[in-house]
Amino acid sequence: MTIAVGRAPERGWFDVLDDWLKRDRFVFVGWSGLLLFPCAYLALGGWLTGTTFVTSWYTHGLASSYLEGCNFLTVAVSSPANAFGHSLLFLWGPEAQGDFTRWCQIGGLWTFTALHGAFGLIGFMLRQFEIARLVGIRPYNAIAFSAPIAVFVSVFLMYPLGQSSWFFGPSFGVAGIFRFILFLQGFHNWTLNPFHMMGVAGVLGGALLCAIHGATVENTLFEDGEQANTFRAFEPTQAEETYSMVTANRFWSQIFGIAFSNKRWLHFFMLFVPVTGLWMSAIGIVGLALNLRAYDFVSQELRAAEDPEFETFYTKNILLNEGLRAWMAPQDQPHQNFVFPEEVLPRGNAL
């Protein structure tokens with residue numbers, strides 16, 4: 001008998017850290033967690049701090065915190081003033097000079113929340129990649145999650161980067177987002193943009209597909225147990241199918257004359273529709289950042305200007321956009337000292 005005596009190879013700090021990060025625990029950490037957890041914690045903490053205590057008086061001339069009397073729908077972490085351009089507004093930078101109160105007043109929490117939020121979302125996508133690799137499945141969850149990341153980055157970062165300052169990015173709040181949507185409509189005619197149309201089709205189409213799929217599966221469950229309801233009859237480890245694809249195919253073939261017969265194509269289509277829609281809308285927002293025009297039906301505008309009896313829904317919407325610009329510009333750009341007399345404000349032909 002031969003006995004071999006040797007020393008186990010020494011493990012470096014990287015291997016030790018890798019084992020610790022990937023240890024099986026209730027909440028998986030992983031390498032992605034080094035980015036996800038700190039950034040998500042700081043972004044959420046910055047938003048809660050701003051909405052609770054910090055005013056927007058110095059940046060937008062508004063009250064925006066619970067402390068000032070706002071509610072959940074009207075609080076916001078507001079974007080910095082236009083004068084700061086695209087400065088990252090570091091706490092130690094020349095704007096705040098280490099003064100935390102001043103940093104909050106000038107909008108430092110917005111850049112803090114936006115950047116940590118973006119990296120937190122990217123960390124969550126990397127988390128899905130990492131766990132998919134460890135479990136041994138394909139990474140389509142992470143690929144799908146790239147769509148909301150693209151929308152967030154395009155709206156909160158790319159759009160204001162294309163404009164004159166962070167000021168034109170949306171504030172982090174419900175009413176603040178609504179104001180931003182109205183701004184996009186008034187200054188970019190966003191609802192008539194084909195990329196917006198594709199985004200709406202993707203989101204609503206995805207919701208429709210989700211509802212149809214869920215209802216169809218519920219409709220075709222096998223009666224495979226004596227329990228009080230169909231949910232208790234399911235076992236996570238059962239080998240057989242829990243619903244009938246053949247029956248579902250027959251049903252929709254009768255409804256539309258055509259139906260999915262391949263589960264893999266069906267679920268890929270459910271993935272493709274909303275993800276593509278969100279990506280298209282993100283591309284459209286980047287176009288708005290560059291002030292690209294979409295559809296302008298100039299012939300209708302010229303005819304409406306010449307003929308008092310000719311007006312279309314398009315020309316009325318153009319007038320609404322002019323009204324939005326006239327009312328929002330003095331508020332958003334007070335340093336320009338805009339003054340619009342009543343006679344230049346838009347009025348439809350019918351008025």
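Start at 1 and count along the chain as shown; that gives each residue its number.
Keep in mind that glycine also has a Cβ here, set from the backbone N, Cα and C atoms.
Remember, predicted model here, so these are calculated numbers, not experimental data.
Annotated range for transmembrane segment in Swiss-Prot, selecting from 25-38, 109-122, 151-164: 151-164. Between the stretches 123-139, 174-190, 259-275, Swiss-Prot puts its transmembrane segment entry on 123-139. Among the residue ranges 206-226, 311-331, the one that Swiss-Prot annotates as transmembrane segment is 206-226. Contact counts against the transmembrane segment (277-293), taken as Cβ pairs under 8 Å, peak for 151-164 among the stretches 39-59, 123-139, 151-164, 206-226.
Nearest neighbour of Asn141 (pheophytin a binding site) by Cα distance, taken over the binding-site residues His116, His196, Phe260, His267: His267. When the neighbouring Cβ atoms lying within 10 Å are counted for each of the binding-site residues (Gln128, Asn141), the highest count belongs to Gln128. Applying an 8 A CB threshold to same-chain residues 6+ apart, the list for His196 (chlorophyll a PD2 binding site) reads Trp190, Ser281, Gly284.
DSSP gives Phe260 (plastoquinone binding site) a coil state; it is part of no helix or strand. Here the candidates are the binding-site residues His116, Gln128, His267. The one whose C-alpha lies nearest to that of His213 (plastoquinone binding site) is His267. Neighbour count (other Cβ atoms within 10 Å of the Cβ, all protein chains): 18 for Phe260 (plastoquinone binding site).
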